[in-house]
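Under the heading N-acetylalanine, Swiss-Prot lists ALA2. Per Swiss-Prot, transmembrane segment is recorded for 83-103, 105-125, 135-155, 159-179, 186-206, and the stated evidence type is sequence analysis.
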Amino acid sequence: MASPLLPTSTTPDQLPGGDPQLLSSLRVLLSRVLATVRHASADARPWAELVDRSAFSRPPSLSEATSRVRKNFSYFRANYITLVAILLAASLLTHPFALFLLASLAASWLFLYFFRPADQPLVIGGRTFSDLETLGILCLSTVVVMFMTSVGSLLMSTLAVGIMGVAIHGAFRAPEDLFLEEQEAIGSGLFAFFNNNASNAAAAAIATSAMSRVRV
């Protein structure tokens, strides 16, 4: 008499069609992005300070306005970037077609190039594409999406509005002694913030997968 079959459980990495390397890369990328978001949230200043009406005044000169922008960005940079990110998200949500194109482009880069195992060539319609051909197709697709559709103009116009808003707020908000000395040693600049947080977080996960694609 045959023994009864016992129920078995399957871990997520053992699901049919699941790629452990892909799942691991996605987990690393997601964890680093979440860590970056938490770090940015921890760096954010109280929003009441950002909109304190008593701290606003007209700058007496252009040099003073420039100095205010630099100091305010150094202090409120996490708040500013959060607001610009929200503005970008809202702009994309109000343009579903642009959001679909941008999401499809990002997914193509992730799943067809960065997270695709190096020993599994891309096959479409029975044709095998090399890494160089795949990279060329993705680059061409990026150019088409960014410069021949509404995605590029939408992103650039939204960023321009966000940066203009940051500049106006920074120029008219008089810096307070509370944070002048505290932030004097911190280098100002949008690229420095992204390089130390978001770029390092996403690049670390993507670079690990991309380096595995280099064939001897």
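The count begins at 1 with the first shown residue.
Glycine too: its Cβ is placed from the backbone N, Cα and C atoms.
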Which sequence-distant residues neighbour the transmembrane segment (159-179)? Criterion: at least 6 residues beyond either end, Cβ under 8 Å. 50, 52, 55-59, 65-66, 68-73, 75-76, 80, 83-84, 87-88
Long-range neighbours of the transmembrane segment (135-155), counting only residues six or more past its ends (CB under 8 A): 88, 91-92, 95, 97-98, 101-102, 105, 108-109, 112-113, 129
